[in-house]
Amino acid sequence: MSSVAVIDYGMGNLHSIAKALQHADSRVNVQITADAMVIRSADRVVFPGVGAIRDCMQALNESGLADVIREVAQSKPFLGICLGMQALLTDSEENDGIACLNIFPGHARRFADQMLDGDGNVLKIPHMGWNQVKQTPHPLWQDIPDHSRFYFVHSYYAAPDDQRDSAATADYPQAFTCALAKDNKFAVQFHPEKSQTVGLQLLQNFLAWDGNA
Amino acid sequence: MSLAKRIIPCLDVDNGRVVKGVKFVDIRDAGDPVEIARRYDREGADEITFLDITATHDNRDTIVHVVEQVASEVFIPLTVGGGIRVLEDIRRMLNAGADKVGINSAAVFRPEFVKEAAEKFGSQCIVVAIDAKKVSQEGEESRWEIFTHGGRKPTGINAVEWAVRMKDYGAGEILLTSMDRDGTKSGFDLALTRAISEAVSIPVIASGGVGNLDHLADGITQGKADAVLAASIFHFAEYTIEQAKKHMQARGIEVRL
């Protein structure tokens with residue numbers, strides 16, 4: 001039986017993601033854990049997160065999980081979600097600038113205030129709701145139609161230094177990177193665990209993925 | 001193409017059963033919340049909101065069980081409101097599988113609660129629910145006030161100013177209900193919806209008064225809402241969520257189909 005560790009560092013509710021992983025594949029052993037040993041021995045690792053980046057990085061650094069994440073992100077299929085994606089970047093503009101894990105070179109930037117949609121209405125921040133995702137070919141998009149809608153809720157977005165790390169974009173109103181991919185690592189800004197059929201498919205793809213792009 | 005406008009069916013739950021009050025009285029039984037939530041998910045609901053109207057504290061656990069059951073098989077955002085008064089209430093709902101909680105009268109009694117909740121759990125899961133009623137007279141400039149106790153008790157608080165304050169305190173979203181329209185099936189209070197939506201930078205969900213599909217579309221196009229919430233038109237199968245979305249799309253609104 002394969003296993004997936006969902007990293008628990010006190011940032012948000014992990015039950016949704018655990019339930020969705022279990023639903024995506026009933027045979028997989030899903031563990032919500034803060035234990036470095038369990039994370040190291042799992043076949044796959046999910047790194048979720050909601051909230052503010054300062055609290056996130058503080059929790060990761062104080063618990064020592066930052067080093068564990070850097071280590072397992074080199075070796076096994078690894079999925080970052082939402083704040084877990086932003087934390088993989090070099091740094092974030094949030095909370096007056098916070099150094100992050102630097103696994104994907106790049107920056108988390110805030111959406112500009114007073115952006116307008118096509119009809120001249122001011123776009124709300126956070127970017128909240130179902131938006132279309134334009135894919136770059138990757139095994140994790142298998143059986144998911146291009147431009148499918150996923151559920152987002154965030155005010156900051158990833159700006160990778162190397163555009164080749166971008167695995168998908170969404171428009172708000174300009175295109176921004178909403179998925180990152182490199183080697184065995186994949187990360188998404190949206191919430192697959194809240195994105196109904198297409199979200200469950202992405203999680204199922206992750207649970208079947210060998211980590212080769 | 002970009003972000004879709006959302007349709008959110010709302011389930012008023014009393015002692016574990018879905019009910020729908022007209023102006024919060026005359027309550028009709030509309031069925032089992034888990035079964036109804038499943039149907040809404042299949043029909044393409046963008047989120048589901050549960051409003052717990054159970055009066056007695058002892059029976060509050062029933063809503064936790066409902067949320068747990070729904071969250072284990074429905075993978076779209078779930079919001080729970082009603083009786084959220086302390087941080088522990090929020091934690092309990094999030095642990096049960098809710099993604100957001102709606103805070104209403106507790107915010108009116110002690111606005112700092114919203115600040116504490118947003119700091120503790122993040123703005124993304126804090127929805128401030130506002131029940132507003134028009135208090136201006138015919139011919140005067142429109143003015144709405146916050147009411148508590150199901151629309152019976154005035155507070156003297158200006159609704160637009162309150163929405164801005166709640167946003168400043170860390171609310172991630174506003175759920176705006178017109179108490180004049182709730183249960184009347186005569187459409188949203190569009191002027192109220194627009195006034196609040198244009199005053200805050202966070203998303204606004206319009207609620208109260210939906211009687212047909214044009215009302216939903218009007219909430220977006222004229223009310224400038226980011227999402228529309230309705231209960232009875234979906235519970236009693238007058239319309240499906242899918243029909244509502246197709247209608248909105250025909251009116252030029254971007255939806256998830």
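Just so you know, glycine gets a Cβ as well, placed from its N, Cα and C.
As given in TrEMBL:
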- A:CYS82: active site, nucleophile (ACT_SITE)
- A:HIS191: active site (ACT_SITE)
- A:GLU193: active site (ACT_SITE)
- A:6-207: domain 'Glutamine amidotransferase' (DOMAIN)
Mean pLDDT for the domain 'Glutamine amidotransferase' (A:6-207), rounded to an integer?
95
Round to the nearest Å and give the CA-to-CA distance linking A:CYS82 (active site, nucleophile) with A:HIS191 (active site).
7
Cβ packing number for A:GLU193 (active site), 10 Å threshold
29
What residues, ordered by sequence, lie under 8 A Cβ-to-Cβ from A:HIS191 (active site) and sit at least six positions away in the same chain?
A:SER16, A:ILE81, A:CYS82, A:PHE150, A:TYR151, A:PHE152, A:VAL153, A:GLY199
Other CB atoms, at most 10 A from the CB of the residue listed as 'active site, nucleophile'
27
